[in-house]
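First the structure, in the form of structure tokens, and then the observations on it.
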């Protein structure tokens, strides 16, 4: 079912009542007013009035004067307030994973697909600590080196959790974990034909990035440097060119080591940053998660504000007139 809500098209699995829709959107029905196809829906009727395919809805609330300056970003028709995406691996335990994700403010978390431990099926799983009802799970193909393995993995992920929004990564070798672009292109084509919405890990090559966008990928995720290296963004110029070349969201994926790396990615104009090791392997992962949250926000504000032009000469801050 397709709905247009506040001017944006959104997809839902089935028809539902206004009350159920607000619940799925995480909106408190007591604090909003709803208009459906230009007709106001009385609050007393939220549980009875159905929304159907093609309906147009406006959901409004009171604000404290002026416009809402929330700086969200949208991928595959879904809107998120946090531009920080985090991985769930490499932590000492699931409890630390959950605490770090909470501190980061992230709404999207990547999850790898692995076989169930049949020798101990009662062993705790990630979903026991990090709920897919609270966060958007982004299944990925970490550890896959061929297009066929990647496609197979994501089909299993969709069967397990019903997720169509996925992160594709096809690795070239175990030493660099650099993206294998021919296999990535092959896998992306197959997944898109199969109805997946593909966010794709790729090289920092603007030509390849444009090819992936033209195929139908919903987000381009060039590496800043090698996965887990912490080397930061080695080629900021190519990242900027990719951002200028494609229209879909661009998120730096891999290589971030500290908060300044995350801020730089955002200052380049990127729509977001995905990281895992930088938080999980910090001496204090919870504190680093908070640092990354603030770095993303600071870098984004800096980009929106616009930096001063660089000069090759001095320009005094104080006025020169009236000197004694």
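The backbone N, Cα and C atoms fix where each Cβ goes, and this holds for glycine too.
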Site co-member for 1-deoxy-D-xylulose 5-phosphate according to Swiss-Prot, given 254, 255, 276, 277, out of 228, 299, 306: 228
Cβ distance under 8 Å to residue 167 (active site, schiff-base intermediate with DXP), same chain, sequence separation 6 or more: which residues? 110, 138, 139, 140, 141, 198, 199, 200, 201, 221, 274
DSSP state at residue 277 (1-deoxy-D-xylulose 5-phosphate binding site), helix/strand/coil: helix
Ranked by how many other Cβ atoms lie within 10 Å of their Cβ, the binding-site residues 276, 277 are led by 276
Do you know which of the binding-site residues 228, 255 has the most other C-beta atoms within 10 angstroms of its C-beta? 255
Around the 1-deoxy-D-xylulose 5-phosphate site recorded as 228, 254, 255, 276, 277, what other same-chain residues have a C-beta within 8 angstroms of the site's C-beta center? 87, 226, 227, 229, 230, 256, 275, 278
DSSP, reduced to three states, assigns residue 228 (1-deoxy-D-xylulose 5-phosphate binding site) to coil
